[in-house]
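What Swiss-Prot records for this protein:
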ACT_SITE  ASP352  active site, proton acceptor
BINDING   ILE241, GLY242, GLU243, GLY244, GLU245, PHE246, GLY247, ALA248, VAL249, LYS262  ATP binding site
COMPBIAS  491-507  compositional bias 'Polar residues'
DOMAIN    48-110  domain 'SH3'
DOMAIN    122-211  domain 'SH2'
DOMAIN    235-482  domain 'Protein kinase'
MOD_RES   SER501  phosphoserine
REGION    482-507  region 'Disordered'
Amino acid sequence: MAGRGSLVSWRAFHGCDSAEELPRVSPRFLRAWHPPPVSARMPTRRWAPGTQCITKCEHTRPKPGELAFRKGDVVTILEACENKSWYRVKHHTSGQEGLLAAGALREREALSADPKLSLMPWFHGKISGQEAVQQLQPPEDGLFLVRESARHPGDYVLCVSFGRDVIHYRVLHRDGHLTIDEAVFFCNLMDMVEHYSKDKGAICTKLVRPKRKHGTKSAEEELARAGWLLNLQHLTLGAQIGEGEFGAVLQGEYLGQKVAVKNIKCDVTAQAFLDETAVMTKMQHENLVRLLGVILHQGLYIVMEHVSKGNLVNFLRTRGRALVNTAQLLQFSLHVAEGMEYLESKKLVHRDLAARNILVSEDLVAKVSDFGLAKAERKGLDSSRLPVKWTAPEALKHGKFTSKSDVWSFGVLLWEVFSYGRAPYPKMSLKEVSEAVEKGYRMEPPEGCPGPVHVLMSSCWEAEPARRPPFRKLAEKLARELRSAGAPASVSGQDADGSTSPRSQEP
């Protein structure tokens with residue numbers, strides 16, 4: 001019985017499925033070993049409901065009530081069981097719930113926004129050919145780095161150790177692509193390195209091991225360690241559902257779950273977006289679009305939950321006041337305020353809050369999107385390309401973005417919502433808007449807008465940022481107005497796609 005008890009304990013804490021997986025221990029060690037008290041063997045860390053964890057092993061033959069999983073799957077803690085070494089969890093991709101041993105889990109870590117984190121740790125920038133040779137010592141077949149070309153500015157050089165030599169391959173620019181042999185073309189350096197790591201093609205040997213630039217960390221290794229690196233083989237890409245300045249947004253499936261995928265192919269931009277993706281790993285809230293993970297392939301794939309009913313502007317325009325009641329507008333506004341209150345509490349500034357960046361789920365929950373990417377998109381943009389009609393005067397004039405400038409944008413978003421998706425400042429050019437707002441002009445409330453909502457809008461548009469309310473106060477006032485509205489929030493009739501919307505969403 002003692003041996004059986006040991007097996008159960010090992011399964012509970014290490015997730016093994018069979019006795020064959022247990023480590024072999026010498027009899028001498030067993031005679032000398034005294035087991036610690038049970039309390040010492042129990043996990044000391046207690047995970048609260050909502051904590052995301054990564055599975056450390058595979059469990060394909062679950063007993064009734066247990067959850068099947070593969071190594072590296074993401075689950076969310078629902079509750080701790082009375083037996084403290086077990087949790088009831090929900091699987092991120094399948095949506096199934098079940099029991100899982102604590103020892104088979106490790107907490108999913110938020111990724112640090114570390115300037116040393118690099119998608120291209122093998123890129124050494126401006127170094128000479130001689131310096132590259134020194135870096136690739138001692139000789140090792142397949143050891144490589146990429147540098148900028150000294151002789152041909154704008155081009156790159158792939159340096160590969162082979163035998164006792166270092167071979168230098170000039171990387172040419174051709175019609176927006178990169179090539180070494182003018183036969184195979186790549187969209188960026190990451191794509192090129194990925195290709196030659198699998199197939200030597202026109203070069204001397206496959207790329208085996210990158211020579212990391214001093215002071216950098218591999219983003220791929222850090223993403224994998226923290227539990228955010230997803231497997232490309234499990235991703236199926238579908239139709240394009242949107243397009244931003246830096247790449248397309250595609251619909252897709254990851255292990256059977258519908259997802260939205262932002263594909264960023266420019267390696268410099270991908271590096272900037274990596275920093276903001278690190279921010280997204282820290283943010284977990286019902287009213288924020290959830291990051292599922294990242295795939296490194298020909299650039300960067302940012303995989304997010306798919307929010308089925310699209311952005312709030314189109315949702316309201318295609319239904320109008322005949323189908324969407326005031327209570328539902330208040331509900332959407334409250335959802336956005338609560339999502340922004342959470343970001344405000346984390347000291348994160350969105351910078352591009354607008355109804356186009358709010359997505360609506362199947363059960364009519366409004367979710368703030370692009371909250372982690374807005375800062376990356378601002379890099380490389382001048383003030384003439386800011387969303388003028390949504391941007392606070394101090395941000396337009398001095399580039400000063402704060403939570404208070406987000407509050408200004410929220411006031412414009414309220415105007416969009418209660419006008420059922422109309423463009424703000426109708427019939428005014430961007431120059432006219434900027435000048436008029438500077439002189440104190442504020443929009444009139446949309447037709448049918450409740451008085452208290454107009455008061456809220458006006459408070460968001462105070463010229464002095466300090467006088468604008470925090471999102472916490474905005475959420476409180478919207479919740480109060482929703483309660484006083486009396487009628488339940490509702491969207492009547494059919495959606496634009498022909499499916500029936502829920503008729504009632506209780507506040």
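Yeah, the Cβs are placed from backbone N, Cα and C, and that goes for glycine too.
Keep in mind the model is a prediction, meaning the values are calculated, not measured.
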Neighbourhood of GLY247 (ATP binding site) by C-beta distance under 8 A, where only residues 6 or more apart in the same chain count: LYS262, ASN263, ILE264, LYS265, CYS266, THR269, GLY299
Listed binding-site residues (ILE241, VAL249), ranked by Cβ neighbours within 10 Å, top entry: VAL249
Residue counts (helix, strand, coil, in that order) that DSSP gives for the domain 'SH2' (122-211): 17 helix, 31 strand, 42 coil
Spatial separation of the residue listed as 'active site, proton acceptor' from VAL249 (ATP binding site) - C-alpha basis, Å: 17
Euclidean distance between Cα atoms of ASP352 (active site, proton acceptor) and GLU243 (ATP binding site), Å: 16
Greatest C-beta neighbour count within 10 angstroms, which of the recorded positions GLU243, ASP352: ASP352
